[in-house]
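> Here TrEMBL flags His331, His409, His619 as Fe cation binding site. Sequence annotations record features per position, and here TrEMBL assigns region 'Disordered' to 1-47.
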Amino acid sequence: MRAIHHHCHLPLPTPPPATKLPPSAFTSTAAAVTHRKAPSASSSSAASPTAIDLQSADSQAAAFWDYQFLFASQRSESAEPVPLRLVAGSVPADFPAGTYYLAGPGLFADDHGSTVHPLDGHGYLRAFSFAGDGGTVRYSARFVETQAQREEREEGTGRWRFTHRGPFSVLRGGKRVGNVKVMKNVANTSVFRWGGRLMCLWEGGDPYEIDPRSLETVGPVDLVGRERHDGDRTAKDRWWELAGARDVAGLAVDVAAHFLKPVLHGVFNMPPKRMLAHYKIDPTRNRLLLLSCNAEDMLLPRSNFTFYEFDCNFELKQKKEFVISDHMMIHDWVFTDNHYVLLGNRIKLDVPGSLLALSGICPMITALSVNPSQQSTPVYLLPRFSESAKGGRDWRVPIEAPSQLWSLHVGNAFEERDEVGNLNIQLQASVCSYRWFNFQKMFGYNWRTGRLDPSFMNMVAGKEALLPHLVQVSIELDRRGACSRCIVSDASKQWSRPTDFPVINPALAGRRNKYVYAGTASGSRRFLPHFPFDSVVKINCSDGSATSWSAGSREFIGEPIFVPRGTKEDDGYILVVEYAVAKQRCYLGVLNAQRIGEADAFVAKLEVPKNLTFPIGFHGFWADR
Ligand SMILES: [Fe+2]
């Protein structure tokens, strides 16, 4: 086990004086600082006290630097949990004992001039442990010791040299052209604890198992059982696959897949089954649900979705495979009592981009682009059990939702049958427009310069509808399974601000819920009106009303997490990290979920030690003790 660096200073840069920045657009601001000491993620120089001394909190310069600080690397780790100082309120005595785990990237730049897209940053797992009875909250954090991390972090010195390209980045200090190390499983996207085991997930590789107490990495886990299960599929499972594969156009795709598989596996080291980072937990059946795609799906107009259901002993109870004749990219998905539901994001191969991507000149993701050729969004309702399919509709035919929705995250879905046998399926999802979504530019990252441009995430006035927002998709099927209605509407009549990371009380996953909580933007920052988020919104789905809570000035927030307390749906707490970028500090905030919208919603604020200030996290998990 390598040494843990407890003493490192914060790797934040010193911003230039605000007056030196051009007044017009962020893009030119980003370009202007290119020739200075590299900003944010790309620097390891110590911060100066003047770093927060910007002339106005609502200036363009403050907005630019606040954004950079959100993506500043943190090289220090803390294996020993440190008690957090309470700076406001108190931890309620009825706050349950347990741990909030938060996955996300920790490192965006190496010591040899390479920077990476935030999605390619090495996984840095954070853990906030609540003693219960209003007692101490302790914090620890460690990098996930992935295979890529072992290769890129020098033993002893702790210096980094990126050797993998990663799907979203290009190397500067490493081998660029002809580098086939594309798949860089950094285990940075999500985390769950199930059956006593803690796992960090990434979009496209095996999960890494972590010791829940020490956060020490145990190693990668082949949860989808490539060796164990592929040889003993039942005839029933096989039927699902063949039913999808035997369409007319399937033959050419079969041939292409036949040639692609060994190249992707042998040359690019891609596992045949690509595990997605988003998992689901079905509290009714007490199951963990996982989803994988085939490696070649990214490049072909056919998708192989395999759903896995595990019991609480990690025994695989069910595996269903669906082959769909569509070229799609799925990030998040959802389940109901009888269905797996996919909101399909249509993609296409960019042929010139593919050639440049394969050579290593461009990030691999430039091989793909959104496919806006159809004005609708396919919604696939896939039967979860054999009996769900009986007498029903053809699952290979999607329901077409009447607008182009690029699905980001799905908070919940449920289905209910009325007295005459019609089935109503409702989804609560965060979506953006196909016109806005851009693989390469997520978070405003520019792979050519390695800079982060906040303007990409902050579209000019009048185009807010393109940005992420919460919608409700309602589908009605008649008794024969034919779709009689599909409506997409705003989740709330009262809240139209950009919103993402929808979460619910996890006890209601797959069943009718009333409340959704999500990260959102208050719009109070003139130059960062839409992203990063600074507020939590609570939406009442039954009447469309919304209430919200906002963090302090120059503070951003990440994904909220619901921690149940009692039996009522909103009886619980919301945990949310506050990134006080101007102070270069992180806080853990505790909100009373029932009081959101009231002056007393905020109940506690805990301060992470400054030397452990961390960059923005992605997805988290609450685990009761
Ligand atoms: Fe996600």
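Cβ atoms here come from the backbone N, Cα and C positions, even for glycine.
Unlike curated records, TrEMBL annotations are generated automatically.
Locate each feature and note its surroundings.
Take the CB of His619 (Fe cation binding site) and look out to 10 A: across all protein chains shown you find 24 other CB atoms.
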> Quick check: with His331, His409, His619 left out, which same-chain residues have Cβ atoms within 8 Å of the centroid of the Fe cation site Cβ atoms?
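Here the nearby residues are Thr189, Ser190, Ala277, His278, Asp332, Leu408, Phe501, Phe618.
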> If you count other Cβ atoms within 10 Å of each one's Cβ, which of the binding-site residues His331, His409 has the most?
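Checking each of His331, His409, the winner is His409.
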> Secondary structure at His409 (Fe cation binding site) (DSSP, helix/strand/coil)?
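Its secondary structure by DSSP: strand.
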